[in-house]
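J.: Mind looking over this structure? Questions follow.
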Amino acid sequence: MIRRIRTLTPLLVLACAGSGAWASKKAFNIQDDLLAYPQFQVFFPDEYILDARARELLQNQQESSSASADKTFSEGNDAQVYLGSRKDQSEDVNKETIEGSGFTYEEMLLEGQRYLCSIPQVDNGNRDQTNGAESTSKEDEQREIARATDRGLELLREMEGKCMYYISGWWSYSFCYKKQIKQFHALPSGPGVPNYPPIEDSTTHSFVLGRFPNSGDDEDLEGDAEHKKTTTDVAELQTKGGSRYLVQRLGGGTKCDLTGKDRKIEVQFHCHPQSTDRIGWIKELTTCSYLMVIYTPRLCNDVAFLPPQQDEAHAIECREILSEEEVSDWEANREYHLAQQLVESAITPEFPVVGDIEVGAHKWVGSEGKQIEKGRVASIGEEKIEVVAKRQNGEITRLSKEELKKYGLDPEKIETLKSRLEELAKGKDWTLEIVESNGERGLVGTVDSNDDEKEDHAAQGSISQPAQGTTADKGESNAETGEEKKKADEKIDHYEPEKSGPTTDDADDGSEEIFFKDEL
C-alpha cells in the first residue's frame, strides 16, 4: 500500500498543478498536505479498457492539444480537422464526446500492470484575467475587507460590559471588552471565595497587558480629520490557511521592567460556531508582548468569518488496460472473487469480534487456545468434592492406592486419618472427603452426631494432616498439642430426620465436619 501511495503521489501533484483547481476551490496554503487533504482522489474501479481504445484516447488528446496550439495562429477558423486515417462515423462521435468531457488521460504503469487514468479538468478563471480585471479584483477585495471589518466590530459590540477569564497555573487573566486585559494572581477557592470567576489577590502584583482606545475620545475627535481613525486602525482582518479572523492590537499596558516599554497584546477573534465566548489560549511571544485568541460565535453571523468548508475531492479513475486475449481471463477472475466475497459474507462468526478480539471466547489476547482463568474472588463458593473413604452402616469403603496417587495423596497417611476418624466417631458413620475450594485443597472428615454428644462435639478441634509424607509429623503434632483449635473450622449440617413424628430433639441432629488441611 505504501508503494502504491508513493507511485500515485506524482500523479496527484501533476493533477493539482495542471488543472488549476487550487485557485478556484480555496485559498492556497503552503502547509496543506496533498495526501491528507487531497483535491484529487484516485479510484481503481473494477473495470477495464481495451488497449486499442486506450491508444485512441491518448492519440486524440495529443492531437487536440496540437490543434489548440495552432489555433492561436489561425483566428476565425474552426477547430482543426484530424487528417489521419479515415474513421467511421461512430468513432467520430466518440471522439467529440471524449474531447468535450473535460478529462485528460495519462497512462500509468503500476506493479507491472498498465492503467489509463482519467483526470478531471477544473476551470480556473483567475489566471485568464487581464491586468485591468486584476486591478478591479484587488479594489473589490479591499472593499470587502473594509466591509467585513466594520461588520465584525459591529458584531463584537455585543460583548461590551462583559468580562471573560482564563486560568493558567499561577496566573489568571481577565478580558473586559472595550476596557482592558489584566494579568493577576487569583485567591485559592474556599469559604467565601468562589471558584469562578477568579478573585484577584490584592497582596500580589498584577499587570495590565493592554487597554482599548477610549471610545469617548473618538466621539470628541470625530470632526477632526487629523485625529480621526479609520476602521483598519482600530481592527484588522487577516487571512491564514483559508480562514479569516479579526485582529485588534492593544497597547498602553503596565510598563515592563526589562524593556522599559509598555506591555502590549494582540487579540485575535475567531469564529467558532459550537462555542460560547471564551478565551482559547494566551502566551507571551516575546518579552512583555502577548497573544490572546478568543473564540466567539458572534463573528459566525458574517460569511466572511466562517471557517473554510472542505471541498470534495475530484475523482481520478484508473482502469486496467487489457488486450482482447486477456479479457476472458480477467472476467473469470472477477467472477471468482465475487463468489468468494459472497461466501465470506455468509459466514457469521460464533462470537462478536471487537478489535480482532473474540468477545466471550475466553481466550488470552495474542495467545491461541488459552482459556482465561477466573480470579480468586470469582471462584468463592465453588467446591469440588471427592469421597476418599467412608463408613456407612458399619461397612468401610475407600479409594484404591492408584486412585489416591492421582490426587497426590499418600495411602499410609490416609489410613492414619481413617483410624483417627474411627476413634472420634466411636462407632458412628463417618466420611473422609478431599475438597478443592478457593484455589486450596484440604481433607474434610464428617462424623454423624447425636444429641447426647453435642457437648463433646463442641470440644473437638480440627486435625491438620498434610498430603505429603514430609510434613506428616507436623500435622499429627498439631492435633496432639491442641494448637489447631484456634484454626479449626467446625460446622453442623442439619438434615431432615427419617422418623415420622418430628420432635425437638430430632431437629437438632446433625453431623460434625473435621478439616484436615492438605499442604501441597
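Note that Cβ sites are derived from N, Cα and C of the backbone, with glycine treated the same way.
Okay, so Swiss-Prot annotates it like this:
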BINDING   W170, W171, Q183, D257, R263, E284, Y290  mannooligosaccharide derivative binding site
COMPBIAS  121-135  compositional bias 'Polar residues'
COMPBIAS  461-471  compositional bias 'Polar residues'
DISULFID  C163-C176  disulfide bond
DISULFID  C256-C288  disulfide bond
DISULFID  C271-C300  disulfide bond
REGION    121-144  region 'Disordered'
REGION    442-520  region 'Disordered'
J.: For C176 (disulfide bond), which of the recorded positions W170, C256, C271, Y290, C300 has the nearest Cα in space?
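T.: The answer is Y290.
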J.: In sequence order, what residues of the same chain, 6+ apart, have a Cβ less than 8 Å from the Cβ of C256 (disulfide bond)?
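T.: Non-local contacts for C256 (disulfide bond): D262, R263, T287, C288.
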J.: About how far apart, in whole Å, are the alpha carbons (Cα) of D257 (mannooligosaccharide derivative binding site) and C163 (disulfide bond)?
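T.: Approximately 27 Å lies between the Cα of D257 (mannooligosaccharide derivative binding site) and that of C163 (disulfide bond).
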J.: Of all the recorded positions given, namely C163, W170, Y290, which is spatially nearest to C271 (disulfide bond) at the Cα level?
T.: C163
J.: Tally every other Cβ atom lying within 10 Å of the Cβ atom of Q183 (mannooligosaccharide derivative binding site).
T.: 22
J.: Do any residues at least six apart in sequence from W171 (mannooligosaccharide derivative binding site), in the same chain, have a Cβ closer than 8 Å to its Cβ, and if so which, in order?
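T.: Looking at Cβ-Cβ distances below 8 Å from W171 (mannooligosaccharide derivative binding site), excluding near sequence neighbours, one finds Q183, F184, H185.
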J.: Looking at Cβ-Cβ distances, which residues of the chain lie under 8 angstroms from E284 (mannooligosaccharide derivative binding site) while being 6 or more apart from it?
T.: Y290
J.: If one looks at the chain holding C163 (disulfide bond), which residues at least 6 apart in sequence have a CB under 8 angstroms from its CB?
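T.: Same-chain residues close to C163 (disulfide bond) (Cβ under 8 Å, separated by 6 or more) are S174, F175, C176, Y177, P197.
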